[in-house]
Every structure is written in C-alpha cells, then in structure tokens.
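My questions all concern the structure below.
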Amino acid sequence: MDIANQLYMKLREEYKIDQKEFISSYICGKTRNVFATILATILSQNSTDKSALIAFSKLNETVGEITPDRIKHADINTIIDAIRVAGLGNSKARYIKNVAEVINDLDLNIEIDCQKLRDFLTAIEGIGDKTADVVLLTCFRCREFPIDTHIRRVISRLGFLGSSPKYKDISEYFKTRFSSEDLLNLHHLLIAHGRKTCKSRKPICDKCVIRDYCKYYLDNIKN
C-alpha cells in the first residue's frame, strides 16, 4: 500500500465529515445549482467556509434567489454589502457579476467534457485552478483534486512530494491514485486534518494519526 492510500485510510478512521463545513459540497448537494456553487466557492476564496456560508445566505436573502439573471440585475454595492463578512467584497462582487454575465445555468444531468469545462471556467476572471477544480469535482465528479492552503501545508510537511510542491504536482499525484468519489472524500479529510490538527501555527503533532509518515514530525519533533 503506497503512502497516499495509507494516509486516506488513517484519515478516514480519524475524521467524520460534516458537509456544512465545506461550502461547495454543501451548496451543490442542497441546491443542485452549479451557478450557485461557483459563487459559493468564489466567496470562500481567502476566507473560511463558515464566513462564506454566512455571506452566501445573506446574498441569497438579498437577491431573492441566486441565479445568473438575479445577480446580473443586482446593484454591485448591494452585493458588496451582502457578502462583506467573507472579505474582499469589492473584488468578489466584481467576480460574481462577471460570472453571471458569462454563465447560464449549467445542467448537472448532462454529460460534459471535464477538460473543456475546466478550460472554460479558468478563462473567467475570478475563477482559478482551485475554484474550477472544486466545482468540477463537487458538482460533476470530474477527476480533479483541488488544493487549498490546508492541503498544501499538510502535504508539504509530510514531505513525500518535496518541501514546496506545486499545485499541479500535488493534484496530479492524487488524481492518478483515486476515483473521483475518493478524491472528494480525501479532499475533505485533508482539509479537516489541516484545520484541526496540522495547523499553521502550533501543529498538534502528538495527536496526529499520520505523524509516522511526516517528515516535519520526524525531523523536528520526534528526534
């Protein structure tokens, strides 16, 4: 069993995932609305999922329903005020308005070309690799593996891909080893581990279930 599968097994035993802690999965599962999921994921950029969910709910209350048409016709200052709690309101409001101009409702039930849709999404201002990959994996079960700050920190400390692996290197490593369903589960598990145990400051190494695979722990704590 390679290290990726060992990590997956250990983390599945340790954490129980609550979808409400992961805004993109929660919104896609609740609404079955790809456009709403894209907006929710944009709101989560450089923010916590908790704050992003508050902002999303406020935006939904403000415009009535999150659809491209409602967002297109909403005043940008109204959007800024509604999403303020998620931070970077001016930029995110502009991105949200821009997405509404470009995207009509995407149907979850149609077959899509994942790479073509990824190229389409990442060409839109405000949608980078991570945001696109989150939407593709969460809503369409495309075989993508989004990397956020928690996952990057955990993988960097583990060290099996080097001390500063690039987004593409981490993503490709896991994509070659897991199905889309397992990729989504592992994505959530690694984020949960980064939030609760492998924290940016003062990681709780003595409570870590994967410390025996961790270069940071073996080099700095155990010895």
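The backbone N, Cα and C atoms fix where each Cβ goes, glycine too.
These came from Swiss-Prot, pasted as-is:
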- C198, C205, C208, C214: [4Fe-4S] cluster binding site (BINDING)
- 118-137: domain 'HhH' (DOMAIN)
Which ones in the same chain are close to C205 ([4Fe-4S] cluster binding site), with CB under 8 Å and 6+ residues apart in sequence?
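Spatial neighbours, sequence-distant, of C205 ([4Fe-4S] cluster binding site): R211, C214, Y216, Y217, I221.
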Counting only residues 6 or more past its boundaries, what in the same chain has a CB within less than 8 Å of a CB in the domain 'HhH' (118-137)?
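Distant contacts of the domain 'HhH' (118-137): 24, 28, 34, 37-38, 41-42, 45, 91-92, 94-96, 98-99, 102-103, 143-148, 167, 171, 180, 183-184, 187.
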Excluding C198, C205, C208, C214, which residues of the same chain place their Cβ within 8 Å of the centroid of the Cβ atoms of the recorded [4Fe-4S] cluster site?
R157, T197, P203, I204, I210, R211, Y216, Y217, I221
Far apart in sequence but close in space: which same-chain residues, 6 or more away, have a Cβ under 8 Å from C208 ([4Fe-4S] cluster binding site)?
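Listed in sequence order, they are H193, T197, C198, C214, Y217.
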Would you pick out, from the binding-site residues C198, C214, the residue whose Cβ has the largest number of other Cβ atoms within 10 Å?
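Of the binding-site residues C198, C214, the highest Cβ count within 10 Å belongs to C198.
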Counting each residue once, how many in the domain 'HhH' (118-137) are helix, strand and coil under DSSP?
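Split into helix, strand and coil, the domain 'HhH' (118-137) gives 14 helix, 0 strand, 6 coil.
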Under a three-state reading of DSSP, tell me whether C205 ([4Fe-4S] cluster binding site) is helix, strand or coil.
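Reduced to three states, the DSSP call for C205 ([4Fe-4S] cluster binding site) is helix.
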